[in-house]
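Trainee: The following feature annotations were taken from TrEMBL:
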| type | residues | note |
| --- | --- | --- |
| TRANSMEM | B:16-39 | transmembrane segment |
| TRANSMEM | B:45-62 | transmembrane segment |
| TRANSMEM | B:69-92 | transmembrane segment |
| TRANSMEM | B:112-135 | transmembrane segment |
| TRANSMEM | B:147-166 | transmembrane segment |
| TRANSMEM | B:192-214 | transmembrane segment |
| TRANSMEM | B:241-260 | transmembrane segment |
| TRANSMEM | B:296-313 | transmembrane segment |
| TRANSMEM | B:319-341 | transmembrane segment |
Amino acid sequence: MVTFIAGLLDATVQAATVLLLAGMGELISERAGVLNLGVEGMMLVGALGGFITTVVTGSHWLGFGVGILLGMVLALVHAFLCITLKSNQVISGVMLTLLGTGLTTFFGSGWVEESIDGFPQMTLPLVGQYLVDLPVIGEALFRSTATDYLALGLLVVVWYFLHHSNLGLEMIAVGEDPEMADTMGVSVFRLRYLAVLIGGGFAGAAGAHLSLAFSQLWVPGMTAGRGWIAVALVIFAQWRPRRMLVGAYLFGLLDALRIRSQSISLTLGPDAPLAGVINPIVEFLMTPQIMGTYPYLATIIVLAYAVIRTKSDQLAVPSALLQSYSRETD
Amino acid sequence: MNVAVTVDAREDIPVWLAYGTPVFTVLAALAVSAIALVVLDVNPIAAYATMFVDTLVTEFGLTETLTKAVPLILTGLAVYLPLKAGLFNIGAEGQLVAGALAGTWIGLNVSLPGLALVPLMFVAAAVAGGIWAGIPAYLRAKWDVNEIITSLLLTFVALELQSYLLRGPMQGGTGNFPQSERFSEAATIPELVSGVHAGLLVAIVMVAVTYVLMTRTRLGFEITFVGSNDEAAQQAGMSKYYVYLFVFVVGGAFAAMGGISEIAGAQGRYRAGFEPGYGFTAIPIALLGRNSAVKVLLAGLFFAVLFVGGSSMEVAFGVPAALVEIIQALVILFLITAEFFKSYRVGIDLKRGPAETPAKPQRGDD
C-alpha cells in the first residue's frame, strides 16, 4: 500500500507539472482579457520542437527553450489576430489548435522512432538529500525532474507578478476594464500582447516538458487533450494562481489514478450489506474512461456553481474576457 | 520619411471584396500549404491536381465527397444556428458522438423492419444530441454560464463515454478493437444512388428546413434579432431564454443526425475515433456559410472535397493527411484576417521629412 501511494504521488507530480505550466500561461492570458483555446496546439508545437532540438543537439535545456519559443510564435499569431485585427478569440484559438496539431503531425512523422536522453530525475538541491528518504512523500516531492521544480517556482513568480507587481496589476486591469486602464495611461495593446506571448511560452514549456521529461519520446497528438484540461483548470481555479496549484494537483491525481485504476479495488466484500448494488456502481465509476470525464464534469459543476451562487461582479471571470478593445468605437 | 497607417471603419463593403474573400482565402491557404509540400519534395501543383481534380471527376471521388459531406453539413448547421442567435457552439463534436451512440444502441438492440428502424435511430440520435446540447444551452439561457466552455468540455465527456462504451457494454465484433457489432441490414441506411447513402437526403432536407426557418418564419426573425441585439430583442418582448434553448437543442440534434448518418450509412458499425474532428471543422463551415444555410451546404461540400482529396493525395504522394488540417486552419485564419479588411479601410500615408504632427495611428493601438 505504501509503495502504491508513493508511486501514485510520484505520477501525480509529473502529470500536474504539465497542467500547471499550461494552466499558468492560460491564466495570464485570460487575466489580460484574451481567451486562448490554442493551448493544445501550442503545447504540441513546443513538444515536437523541443524533441527535435534535443535529438539534434543533445541538449534538453536547449530543447526546452526552443519549445517555449515555438509556443510563443504560435501565440504571436493569436495575439495579432485577436488584438490587432480584433478577430474572434474562440475561432482563432480553435484554429490554432488545429494548425498546431496538423503541423506537428505533418512534420513530426519522421521523429516517432527517435529516442532521447530527457531530463533526469534529481533530488531537490540543498534540502532534498535529507528529505528524500521520508516515507511515502519523499520520492515524489524531493526527487523529480528539474522542470517539476521549475513549474512550482514559476507559480510563485506568476502569483507575485500578477498580484504584487505593477505590470501584473496593470495586466489584470486591462482584463477587467480596458477603457479605464487606457484612461490611466496603461497600454491595453502592449499588455495584451505581452500576456498572450507569455501564455504561449508557458504552453510551449508544458509541451516540451511532456516530450522531454514526462514521456521522453514524440508521438503525434501526444498532448491527448491536456491543453483543454488546462483551459478547464483555469476556470476550476477561478482565475487565481494559488487555487490553480490545488487544481493542478487534483487533476494530476485523477490522471495518475486513472492510469492505475485497474490495480485499485474499492469494492465491498460479497457479504457486505448492499454489496450487490454498490459494487457495480463503484466498478463503473472506477473505469479509466469514466474517470477521464471527472476533470471536465468537475469544471462544469464548479463553473455553474460559481456563476449561480455569486453575483456576476463577485465572480472572478475577467470582465473583458473575449472582448476586443479599440478606442474609437467605445 | 514617415509612415502613418490609418485605419477607418468602412461604411459598406465593396462587392469584389464581399465575394472575393472566400476565394482569395482558399487560394492563399493553398499557396502557404504548398511550402509544406515543397519541404517534403512533392510538386504542389501535381498534388493539388490530385486533391481537387481526381476528387471531382472520378466516380469514386464524387461518391466519397458526397458521403463525407453529410456529417460536415449537419455539424455545420449545428454551429450555424446558434451563431445566428449570437451563441457559440463549439461542442458539435460531442453532440455528434452522443447522438451516434444513442442511435447505434437502438440499431443494435431494437428489432424492427428497416423502414421503421432507421428513422427511429435518427430520432434517438436527435434526442441524445439535443440533450447533450441542451445542458450548455440551459446553463446559458437560465444562468448565463458561458456556453463556449461548457459545450467544449462536454465534447470531451462524450469522447470518454464513447471510449468506455465501445470497450465495454457496446463492444462487439472480433478482436480487441473498440468498435460495436456490425449493423444488420435493417439498421443500415439504404443507398440513395450507388455508393451514396440516404443520409445525404437528410442533410439536404435539414438545410432546406433551416433556410425556411431563418428566412420565412417569425422564429427565424427572432433568432436573428436576439443574435444582433439581445437587449433590444428583450425589450421587444422576445424571450432570449427560449431562443437560446431552441438554437442549441436543434443544433445538437442536427449534429447528432450527422453522427448516426456516418455510422449507419458510411461505416456500417460504430468504430471509436470514426470522427476526424467533424465538430471542429464545423466551425469554419459555419463561418464560411454564416450568411445562409445554403452556403453552409456549399462550405460543407468544399471541406468534404478537402478531406477526400487529402486522403487521395496521401495515397498518391505519401503526404501525411494532416496537411488537410493545416489547409483547413489556414483557410480560417486568413478568413478572419480578411474580415478585418472587410470592416476597416487601411491606408498607408508616406510623408517625406519629419511630419509636422507626430504620426499617430488613428486607432488606439499605441
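Using N, Cα and C of the backbone, Cβ positions are placed for all residues, glycine too.
A quick note: this is a predicted structure, and the numbers were derived from the prediction, not measured.
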Trainee: Test of understanding: applying the rule of at least three C-beta pairs under 8 Å (pairs 6 or more apart in sequence), is the transmembrane segment (B:319-341) touching the transmembrane segment (B:69-92)?
Mentor: no
Trainee: In the same chain, which residue numbers or ranges, 6 or more beyond the ends of the transmembrane segment (B:241-260), come under 8 angstroms Cβ to Cβ?
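Mentor: Result: 70-75, 77-82, 84-85, 87, 89, 92-93, 95-100, 102-104, 121-122, 124-134, 136-138, 140-142, 147, 151, 199, 202-203, 206, 219, 222-223, 226, 233, 275, 278-279, 282.
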Trainee: Cβ under 8 Å, sequence separation of at least 6 from the ends of the transmembrane segment (B:112-135): give me the contacting residues as numbers and ranges.
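Mentor: 78, 89, 91, 94-96, 98-106, 150-151, 154, 158, 185-190, 202, 245, 248-257, 259-260, 264.
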Trainee: What else in the chain is close to the transmembrane segment (B:147-166), if you only count residues 6 or more beyond its ends and a Cβ gap under 8 Å?
Mentor: 82, 87-91, 93-95, 97-98, 101, 132-133, 135-137, 139-140, 178-180, 248, 270-272, 279
Trainee: Any chance you could find the range in B:16-39, B:192-214, B:319-341 with the most Cβ pairs under 8 Å to the transmembrane segment (B:296-313)?
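Mentor: That would be B:319-341.
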Trainee: With a Cβ cut-off under 8 Å, give me the same-chain residues at least six positions beyond the ends of the transmembrane segment (B:16-39) that come close to it.
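Mentor: Those are 47-48, 288, 302, 319, 323, 326-327, 330-331, 334-335, 337-339, 341-342, in sequence order.
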